[in-house]
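Peer 1: Quick one: the structure is below, and I'll ask about it shortly.
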Amino acid sequence: MWREKGNAIGNWLLAITAIFGFITLIWIPQASAECQTRSIYCYECDSWTDARCKDPFNYTALPRDQPPLMTCNGCCVKMVRHQRSRYEVVRRMCTSQLQINLFMVDHVCMMESSGNGHMCFCEEDMCNSSKDLYSHGHQLHLIITIAVAVSWLMGQLLNR
């Protein structure tokens, strides 16, 4: 009996590992390559010199009343310093202006250790206009949810 349970658990763990391996092989290189090879439009501004760059961003304004757009061969970036204070600074740009490994930043937000600022990356046209770029990174959550559901189903099938 213990041997059968051990084999079932081993099979279940093997299935989970295979699923996560498959997802990693397909999803991560695709996302990284997409960010590096496709041209998108990003806002280019700094709230120190252009009040239109501040949050909340008025994306319904006429194009002439918005910060300039630039063609970007990479990802859009939004950086915030001194968040939620009167000294808040917002900068929007393209990763081509940064020395950064795109594989490490695709669909990611990094927080300052003090919690007073963050830097987010996204890969859709004008996506750095968003107040909260976390909304652009739901793909990872979806993949993890699907993987857990498939693992649970496989575990149920293996236990029959």
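Cβ coordinates are placed from backbone N, Cα and C, and glycine is handled just like the others.
Pulled these features from Swiss-Prot for this protein:
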type	residues	note
SIGNAL	1-33	signal peptide
DISULFID	C42-C76	disulfide bond
DISULFID	C45-C53	disulfide bond
REGION	55-68	region 'Loop 1'
CARBOHYD	N58	N-linked glycosylation site
DISULFID	C72-C94	disulfide bond
REGION	78-92	region 'Loop 2'
DISULFID	C109-C120	disulfide bond
DISULFID	C122-C127	disulfide bond
LIPID	N128	GPI-anchor amidated asparagine
TRANSMEM	138-158	transmembrane segment
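Thinking about packing and proximity, how do these listed features fit into the structure?
Peer 2: The Cβ of C76 (disulfide bond) has I40, C42, Y43, R92, M93, C94, T95, F121, C122, E123, E124, M126, C127, N128 as same-chain neighbours under 8 Å, each 6 or more residues away in sequence.
DSSP assigns C45 (disulfide bond) to a strand. Taking a C-beta cut-off of under 8 angstroms and a sequence separation of 6 or more, C45 (disulfide bond) has the following same-chain neighbours: R52, C53, P67, P68, V90, R91, R92.
Sequence-remote contacts of a segment are chain residues at least 6 beyond its ends whose Cβ falls under 8 Å from one of its Cβ atoms, and for the region 'Loop 1' (55-68) they are 43-45, 80, 88, 90, 92, 126, 129-131.
Counting only residues at least six positions away in the same chain, the Cβ atoms of R52, D65, Q66 sit under 8 Å from the Cβ of N58 (N-linked glycosylation site).
Classification of C94 (disulfide bond) by DSSP places it within a strand.
Sequence-distant contacts of the region 'Loop 2' (78-92) (same chain, at least 6 residues past either end, Cβ-Cβ under 8 Å): 42-48, 53-55, 67, 112, 115-120, 122, 128-130, 133.
According to its DSSP assignment, C109 (disulfide bond) is in a strand.
There are 30 other Cβ atoms within 10 Å of the Cβ belonging to N128 (GPI-anchor amidated asparagine). In the three-state DSSP scheme, N128 (GPI-anchor amidated asparagine) is classed as helix.
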Peer 1: Counting only residues 6+ away in sequence within the same chain, which have a CB under 8 Å from the CB of C72 (disulfide bond)?
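Peer 2: Residues satisfying the criterion: S39, I40, Y41, C42, C94, T95, S96.
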Peer 1: Do you know which of the disulfide-bonded residues C94, C109 has the most other C-beta atoms within 10 angstroms of its C-beta?
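Peer 2: The largest 10 Å Cβ neighbour count belongs to C94.
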Peer 1: Translate the DSSP assignment of C72 (disulfide bond) into the three-state scheme.
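Peer 2: Once the DSSP labels are grouped into three classes, C72 (disulfide bond) ends up as strand.
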Peer 1: Please average pLDDT over the region 'Loop 1' (55-68) for the predicted structure.
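Peer 2: When the pLDDT values over the region 'Loop 1' (55-68) are averaged, the result is 89.
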